[in-house]
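Asks: Handing you a structure now.
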């Protein structure tokens, strides 16, 4: 299916520069990455463990951390499936059909990426806040969205909106739809074709999209910060909890909480690498 | 080439079309149009008094200036990192390649906490910089560093695939005709990666303008000096000044849309130049 996409280039004379230049460029690039990425990564765990393993687990297991973990998991558990379903539908639509408004849809899907997280929170305050469009009605019916859990979930859904589409769409486009047409002409139903032909072809892209979506959902700070109201033990997610601990000069505690999110980031990267390796060897 | 009649053989057009627009409308378009309506409900004087206030102007200047500086830094180092990853072999390359995405996966608040602690007076970097007479944390330099961290993957990840797919024939031809490696780079390679580089630069710039989590910790948040525009929106909200928050956000949103448009045009330009070649789609 992939004809001459990557012809052997081993013996070709590509520009690489003389050896000293090569080593200098590699050294500068690695120094830059080490300085900006590796040292901060090491620092998170060093600061988290600076008071010992006991203090580390105490900081993670105390009730307010637990409630932050629960809320973070809840927001992700709602945002990720919603955006997964939308992502698959939109990717199928855009990859398989030409229709008026296709380019507009494609551009609008990226909107949440280009909006500041703070603005993402603000739009929900303007809609559901006490002085917002629906504020009086919500107050009358005693429904709390802003400074409550629903607001946090909404803001999380908004900021993680494009992730799955963005990962799945290029793969669906690259793979074409000959196999789907074959399945359909052999009498398979649309759903069956989607589940047994399309989904297996794009599963690694779906997995990576879900993981990125999840990492952002659990780590979102700006948007959630605007709508949360920072009620300890009630509307604090993990990143907000880390901020509070930091502002109380509890550095070890803040970094213990941050280290959980860092592990999540590292797992996400590891799966990405695995997905790429799978895609190349397929 | 598939005819459009053949495409419509596939099922699910109506369902996915309806679902996509409905969900997009409810989650993204409706809330954002609320912000626009609110912006337009302000009187011109109200809007202008907010947006042209010295403190707000200082915040815009800082947000845009620091974002620009960080995006420029990322353009230079991102191109270098992409080049090194595509063209050279060295031990640990796969690990380094994976690590480039760290700023995408790491929550911004974690980045903010960590960079602030590293660069503060007693931190691993801060204590040495202090000895040399530099202060980074709680200054605009600290903001640029946080934004550089956040934007780092954009340029690398847009330039890298283009660099990988450059047709070796052109390069070889240039070398055979007697061009020096530097000439091949500046005359053949650089023009080819230019659209991707610009697109990565714009993405990093757009992201940095609105960035909040990684910056609030390291910036120190002094009005007129190190207060970024997104923080000012939050400050106004905390004072229940919805109109003020909306006006500040409206300007930022307009700029974001302009950037989004620019990125789209740039990417179309890039695709026209590279996607027609077999095997690169």
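All residue numbers here begin at 1 and follow the chain in the order shown.
Cβ coordinates are placed from backbone N, Cα and C, and glycine is handled just like the others.
Note that TrEMBL annotation is computational and uncurated.
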Asks: Looking at the candidate ranges B:188-209, B:210-231, report the one that TrEMBL labels transmembrane segment.
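Replies: Going through B:188-209, B:210-231 one by one, TrEMBL flags B:188-209 as transmembrane segment.
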Asks: Could you check if the transmembrane segment (B:188-209) is in contact with the transmembrane segment (B:12-37), meaning 3+ Cβ pairs under 8 Å among residue pairs at least 6 apart in sequence?
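Replies: No, the transmembrane segment (B:188-209) does not contact the transmembrane segment (B:12-37).
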Asks: Taking contact to mean 3 or more CB pairs closer than 8 A (sequence separation of 6 or more), are the transmembrane segment (B:132-156) and the transmembrane segment (B:242-266) in contact?
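Replies: In this chain the transmembrane segment (B:132-156) does not contact the transmembrane segment (B:242-266) - fewer than 3 Cβ pairs sit under 8 Å.
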Asks: What same-chain residues lie close to the transmembrane segment (B:242-266): Cβ under 8 Å, and 6 or more beyond its ends?
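Replies: Beyond its ends, the transmembrane segment (B:242-266) has Cβ neighbours at 32, 35-36, 38-39, 42, 46-47, 50-51, 56, 59-60, 63-64, 195, 198-199, 202-203, 205-206, 209-210, 229-230, 232-234, 236.
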Asks: When you scan the chain for residues with a C-beta under 8 Å from the transmembrane segment (B:98-120), skipping those not six or more beyond its ends, what do you find?
Replies: 81, 85, 126, 129, 136-137, 142, 145-146, 149-153, 156-157, 211-218
